[in-house]
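> Copying in the features that TrEMBL gives for the protein in this structure:
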- A:50, A:51, A:52, A:53, A:54, A:55, A:56, A:57: ATP binding site (BINDING)
- A:29-310: domain 'UvrD-like helicase ATP-binding' (DOMAIN)
- A:311-578: domain 'UvrD-like helicase C-terminal' (DOMAIN)
- A:659-695: region 'Disordered' (REGION)
DNA sequence: AAGTGTCTAATTTTT
DNA sequence: TTAGACACTT
């Protein structure tokens, strides 16, 4: 072992090392042998295969603490990378807990993107950017691409900007710059224009002094490979590298890591190949599968002792994942023998499923379980609605995790756009967004004209605007409006220098008329928007300057939430990764839904394996009870479809499962032979004849007892209860109802205690006035 | 420039 | 079915 010399730093003292080696510190106590091995294997490449619930975070943090406490490196010489801000935050907190305030020196602990952004700020000019570059999000990215497509006269119906954005993202994830595209890739868009468009896009980004998420990494790679001295600087800086969730890294991230680790080789990657569920976003399971070949001499440590789940749950999950071929292989074990078997149930339809689960939630609650200990994990978000409706009806408190995130809300993006434009006049995307928000009489025609002039002269749109207000090209009214807008901008820009940006934000929102416009807005969302803006201003307080805040906004798309009320958690399987709950419901295990048909169509066997890992992630979230369910009939986009139980149901080891079915159908049976259930001949599961048509008929009969849409509204327009109607679900009890939308028809107001609903479908206007009855 | 009607596509989502 | 994008009025 040798320490690289770094002139700026004194070498660690030998006495510190000796002491650390002789007597293990407190923080090592309580680790099991495999965890300890993972903590102490410090030099050289290390792969820690950390199964679900094996204490990974503890190992990660202890390892960092150990490196620091043993004097091998100082906090700022460690590079620790995570995928999410949440993970980074958690790691920092836990290290602080072990080593105290010196953890603040860990300035290179963060997400791939935030660290890459920091590095890029220091060397931006090497890739043609200024150090105050803006980071565009997906929305900006798509708008920019749309403009390019329009300029290139490409039919944006046939070749949507979204698709191109996805492709460019994919290319960047693979580490390909425009000139590095393989010919085959080029053909993927607009008959071979992909590469040219990608190049145009990159040029536009450079002019806008902006980059997208993929660029952060890619520019880093460009800098490292073209400027050996810069890379050497980071080689000296980062003595030990640590990566969390290695199974989720994409090629670009892999290349970035390999470049940074290539000298010291002190790279520790922690991950679980069985929990790789982000392939569709560019993650390469191959990275983790190949680790030992990529880094010769690597140590591999397996964490296999599970502290989370009971043995039935663990065994069920293990049996399922064993079907996958591409995996490194682990055998999780636990001392918590026994417990409940995994319950698998077949029900008639989605409604029955949500009824069943809601009933069980209530039962669990009566038995003393807190709501917050219960999670419902779905494959796709459209499955959530059924549960929400049921829970609203039964007044079971719930939270839907996810949904549009704070910084993606329109009002927040508008507010931020003002700041961006104040910060950087070149930010045409921000200009375009807010030049007429709130409405100030600068219409589409005017904006297009401005953009055209801007592009023609190669200047930012705000410059073009400045020029045009001096001429009489615009109608007088529009010209005044634009001139006022520019004048306001200048004033704010002047203020930005001497007032705090939170104060500036308030001023801008007031003076631009943004808050006034919202106050006048009678729609039910307006109030919430105003509150969001208040929250925004509040959140700005913690940042030193505008630039730091804007970077935070681009890279940290979430806002820390206060402690949640006691509610059932509804979320997707993807969102559940890293979490655990005593009781987990896993609904919708039907072929085509889960595993998702689209995954299988698009990615074949690989896609199926990823779906199976998702199922594995789902089951392993459960501490004590996991309950899987599938419906024989399900409404998908309004159409009734017969469903087959997911193949994953069949793959669960029967010994760890307790199965029943109210449909009399479970797995195979005559007419379903092709399904090949393991339980085909098991009378316990009722193998009786059940054709899809027969089951559908049963379901329809059943459904007849549950009339559809009904909303109960008080005379003053407050919603008292909603039936299982989907459209009404957007409203909560107590909301004032102004406008309810039902498909093609809409409810426009309240008269007495009745709602009038007008439908306009196929040219025919109908008025239904018995839609609502008083509670 | 804002309001209304029509068409169409429809996972997972972090940064 | 239904949200959202877009085209077409007013």
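Cβ atoms here come from the backbone N, Cα and C positions, even for glycine.
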> These are the binding-site residues: A:50, A:52. Which one scores highest on other Cβ atoms within 10 Å?
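When each Cβ's neighbours within 10 Å are tallied, A:50 leads.
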> Inside 10 Å of the Cβ of residue A:57 (ATP binding site), count up the other Cβ atoms and send me the figure.
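So the Cβ neighbour count for residue A:57 (ATP binding site) comes to 15.
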> Between the binding-site residues A:51, A:53, A:55, whose Cβ has more other Cβ atoms within 10 Å than any of the rest?
A:51
> So which of the binding-site residues is most packed in, judged by how many other Cβ atoms lie within 10 Å of its Cβ, out of A:54, A:56?
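Checking each of A:54, A:56, the winner is A:54.
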> Average the per-residue pLDDT over the domain 'UvrD-like helicase ATP-binding' (A:29-310) and send me the rounded value.
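Taking every residue in the domain 'UvrD-like helicase ATP-binding' (A:29-310) and averaging pLDDT yields 90.
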> Same chain, not part of A:50, A:51, A:52, A:53, A:54, A:55, A:56, A:57: whose C-beta falls within 8 angstroms of the C-beta centre of the ATP site? Give them in sequence order.
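Apart from the listed residues, the neighbours are A:59, A:272, A:303, A:306, A:307, A:308.
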> DSSP on residue A:50 (ATP binding site), three-state: which is it?
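Assignment for residue A:50 (ATP binding site) reads strand.
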